[in-house]
Structures are given as C-alpha cells and as structure tokens.
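Notes for the one structure printed next.
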Amino acid sequence: MIEVRGLTKRYGDVLAVDDLTFDVEPGKVTGFLGPNGAGKSTTMRMMLGLDRPTSGTAVVNGRPFTAYGEPLHEVGALLDAGAVHPGRTGRNHLRVAARSNGIPVNRVDEVIEQVGLGSAARRPIKGYSLGMRQRLGIAAALLGDPRVVLFDEPINGLDLDGVRWIRQLLRRLADEGRTVLVSSHLMSEMQQTADRLVVIGRGRLIADATTKELLAGLGHRQVRVRTTEPGLLVSRLQQQGRPARRVDDHELLVEDSTAVQVGDLAHSWGIPLHHLSDLEQSLEQAFLELTSDSVEFHGAQDTTPQQTQEVAR
Amino acid sequence: MSATRTVGTPTMGAAAVPVARLFARTCAAEWTRLWTAKATWWFLAAAAVTMVGLGTVAGFDAGGDPGSAQGDPAWAAAEFTAMPAQFALLALALLTVTSDYATGGIVPALQWTPRRGVLFAARTVVAAGTATLAGVLFALGASVAGYLAARPVLTLPLDVGADVLGTVAFVFGCGTLLAVGLGFLLRNTAGSLVSVFLLILVLPLLLPQFGYGWLTDVADRLPGTCALFLLVGEPTRPGITETSSVVTMLFWAATALVLGWLRLVREDANR
C-alpha cells in the first residue's frame, strides 16, 4: 500500500507536483498517467526518497521509504533504466544490489532468468539495448521479492514480446497481492493492464478511479450508422432530439444514444441500415479530454480536418 | 515467482536492521561496485607502475653511485614516489563518487540504500580506504624494489619503514578523503578533479612564485603543500611544521567531507 498525502514539489518558480493525494492499493495494477512534464517521475522519486518533497508525505506500507534499512525486501522500483554504470556487467550490477540488501547471489541468477536476460547478463551494460536495460532494471526491482513495485515507463524500448511479458508480469504481481504502480504514456497499454488509474496534469490530480469508471464517466455514448438514407435519418433523429451528423456519403454519428435505440428508431421509420455499432470510448480519448487543459508542451497541430479524427470524436 | 502466489507479511525490509549490519552490507556492496569497474584497476595499475617503477629506477641510480647513497634507507623511494602517484589514487577515490552522478547510478544506489548517511559512510570508507591501502602497499613495493635494485647499497630498516609508511598512509588517507568529499560536494568529475589538482599541485607551487607574503601564507595552508612537507620535508618555510601540516590536512579533509555529506543528505539525489 502506498499512501500519498498532500505531496508537493517546487523547483524555484515551477510547481512540479501540486498537493497530490491518492492511495495505491495492493492486489491491483494502478496506472499512473499524465502528459509529459505532468510530474509522474518526480512523484515517484519522492515516493522513493530520491527527491525531498516541499511539503506532504508519501509512505510505503506505513513508513517512509527512507526508513527502510534493506528496502529491496519491501519495495522494488525501476525509475530510469539508463541510470547504470555502462562498464559493469548486468550480473555485477545486480550483485551490488543483492549485497547491499543481504540477498543471496543465487537470487541474482534467478531474476536474470526470470526477466530473460540470460547470457547477456555477463556482458557490459553498454552493449545493451534499451529493452535489455529495462529488463535489467526490472530484475533489480524484483530481486528482494518485494510486496510493492513501482515501474516508471517500463515498456519503453521493449519489443512486442517484451510488452506482452511486462503485461503478464504486472498482472501476476498484482494477483499475488502486491502493490503495483506503473506509469506510462501509452494509454492503450494502461487500458489493457491497469485496474485503477491515477491521472495527473501539471502536477495536480485530475482523476483517481478504476479504469472502467474512468471510461464510463467520461465518455458520451456514440453510435456509428451506415445507411442508404443518411439525410433522412439525420433529420428524423434530430427531430427526436438526438444530435447526429454526417461523416461521409453513407455514414453518420449519433450522439448520446445506443445502437439499440437507433436501430429501433430506424426500423420504425423503415430506413434500411447497413452498419450499426456503439463506439467504445477509448482511454486515450478519455485521457485527452481529462488532460487537455494541463498539457504543458503542445506540438504543432495539423489544422486540416481529418475524417478519422471526426469519427473518433 | 514463477507461479501465482500470495505475498505475505512484512519481511526483513520492514524490520529494524541494526546499523552495524547495514553498514557492513553497504560496505560489501560498495566494494563490489568498486572492483567491478575497469577504471578502478586502471588507476591502481597507474599508481603501482609509477611507484614501483620509479622506486626501481631510483634503486638502480643509487646502486650505480654507491659512494653518495651508501647505507641510506630505501624507504625514501616510498616518499618521493608517493607525490606523483597520489594523483592516480585521488582520481580513483574521486571517480568512485562522481561516476555515480555521471551515469545516474546514484538513483539505484539510493533505492538500495536509502539511508544516505550509511551510504555516505560506506562509500567514503571503501573508496578512501582502498586507495590508501593500495597506496601504502605500492609504497612498500617501491621501497623493496629500490632496495633490491640498489643491493647492497641501500638498507631497509623496519623502524624507519613503519614511520615512512605511516606518513604515506596519512597523506594518502587525507588526500583521498578530500577527494571523496569534493566528489560528494560538486557531483561532477571535471570540477572535482580540477579542484583537487589546484589544491594539491597547482596552487601550492604557483602562489609562492608571486612573491607576496600573504599568498605564500595561503599556499602554506593548502593540503598539497602540507603533503609535500610531510613526505619530503619541503618547502622549508617558517610557517610549516609537522604539526601544522597534519592539522591542515585533517582540516581540509574534514571540511570537504562535512560539506559533501550535507549536500548528499539535504538535497535531491541527482538534480
């Protein structure tokens, strides 16, 4: 269990983390979402005692992380996979960790096998790909068989096989009753993996809910319809108070309705339908809606209207 | 963890770990960290070659001119070879600290040992202790090499040896502690190395050259001047004594360590 209370971090005039309060419960995968510069990494660094909070507290299983003498038995974390000495071998990197926490060296070989580093573990880290460094960082986090794990962007640099492996690992760790906090900028990934989501923007808490609640609470229902009579259907629907708009010659989107409702109405009016489906709200859409006011750095946007974006909305 | 299972009650991490055990384990980890870096062996090799090599050359020199050196103790080789070789050992101690900031390795280090005072103490003891012990062994090697190369001109009296090796250990110990402290304080290899070179080599030689009394006084209170005096008895200026040199070196080492410790325990890990 991780408890964050009023956590705040200020760098000069910049408020990186602003009065964050949330819990990360055991037995669940909690996704930590936010745009670039939202303060996710700073928050995780404060949880791990690396950065001093300006105010507020973060405790892990009832005590500050810095109170743990041999924390690897309780908390395992991967923050920055590149933060390793490039000349040391992966195995020696893990041996340092093991020695510092009184963990037997044979456990090092176990986690090396567990994360799939294998023979590469005896090679200098400078020859590792980013994905291999991520695996090494995860091996270090799992070394002490901790009850709490924190991973900052763990799937960065991983191939598809690695992503699937991480997904299964996170699931298994949570199913074993561990507290799992994982940050990611890949919303689709979080939609598949996380049971609960903590969303922040500009250092402030935007949402703290289950993934299902977040999707259901934010999305307005939409129905995609293809018909040979789009003009007639739009006007009839609008007469019924159901906003609808044409997407192309044969397709339209109906707002705040379900496929069942639109199908029944079209049937009653004798309008033939060739396609009828509810549009599922994606976490990505939900995330963009939530954080649209708190994105610090915007890229230049193409102002040309795009059909796919229209459909998605 | 290959099969799904349930994690249980708090383990060792939550228990109060005795500080002595924690310190011992952190020292063990620091030792592993030290010897698994190639740079460590390069610096040690450089110091060894410099000291034993110069000691051997000096021995052959003395052996070739037996009249002037007859009966002199070969321990002198330890003292004069320590001056150039100390830079390799200072760099070793310094890089043990600053390389962790350069690579970002301080982040996992503090995740594994979040009690910063323990990490500071262990890293200081292991880095400075290893460099100092190695330096003393190389000093012994330089003296023995000089003795053998000059045989039978030079002598190797044990009482003189203990005194000389003790001085070498003190100079190397204070120097490496200064380097470690500066490393923790500045967190930057280039800045720390330049500072060490200025304090140990450049300023002690340069400041007296200007001819101002106060600049010479400043030079006399620099660690490099005191190290030179303790090792070879120079420079012979009124303000420099064995006691003043010992106190000055201890002061510099302690000041750097306190400032470095304060930065480590008070500031963010690597911002």
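A Cβ is built for glycine as well, from the same backbone N, Cα and C atoms used for every other residue.
Long-range neighbours of the transmembrane segment (B:41-60) within the same chain, counting only residues 6 or more positions beyond its ends whose Cβ lies under 8 Å from a Cβ of the stretch, are 35, 74, 76-78, 80-82, 84-86, 88-89, 91-92, 95, 134-135, 138-139, 141-150, 154. For B:41-60 (among others), the entry in TrEMBL reads transmembrane segment.
Long-range contacts of the transmembrane segment (B:80-97) within its own chain (CB-CB distance under 8 A, at least 6 residues past either end) are made by residues 33-34, 39-40, 43-44, 46-47, 50-51, 54-55, 58, 123, 126-128, 130-132, 134-135, 138-139, 142, 168, 171-172, 175-180, 182-184, 189, 192-193, 196-197, 200-201, 227-228, 231-232, 260. Positions annotated as transmembrane segment by TrEMBL: B:80-97 (among others).
Annotated transmembrane segment per TrEMBL: B:118-144 (among others), in sequence order.
If you look up TrEMBL, you'll see B:164-186 (among others) marked as transmembrane segment.
Among the features that TrEMBL reports, transmembrane segment is placed at B:193-215 (among others).
Among the features that TrEMBL reports, transmembrane segment is placed at B:246-265 (among others).
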Original post:
Which bits of the chain, at least 6 residues beyond where the transmembrane segment (B:164-186) starts or stops, bring a Cβ under 8 A of a Cβ in it?
Top reply: 73, 75-76, 78-79, 82, 86, 89-98, 120, 123-124, 127-128, 131-132, 135-136, 139-140, 143, 192, 195-196, 199-200, 223, 227, 230-231, 246, 249-250, 252-261, 263-264
Original post:
Same-chain Cβ contacts of the transmembrane segment (B:118-144) under 8 Å, 6 or more residues past its ends?
Top reply: 19, 22-23, 26-27, 29-31, 34, 44, 47-48, 51-52, 54-56, 74-79, 81-82, 85-86, 89-90, 92-93, 96-97, 109-110, 156, 161, 164-165, 168-169, 172-173, 176-177, 179-181, 184, 257, 260-261, 264-265
Original post:
the transmembrane segment (B:193-215): which same-chain residues, six or more beyond its ends, come within Cβ distance under 8 Å?
Top reply: 86-87, 90-91, 94, 175, 178-179, 182, 186, 222-225, 227-228, 235, 252
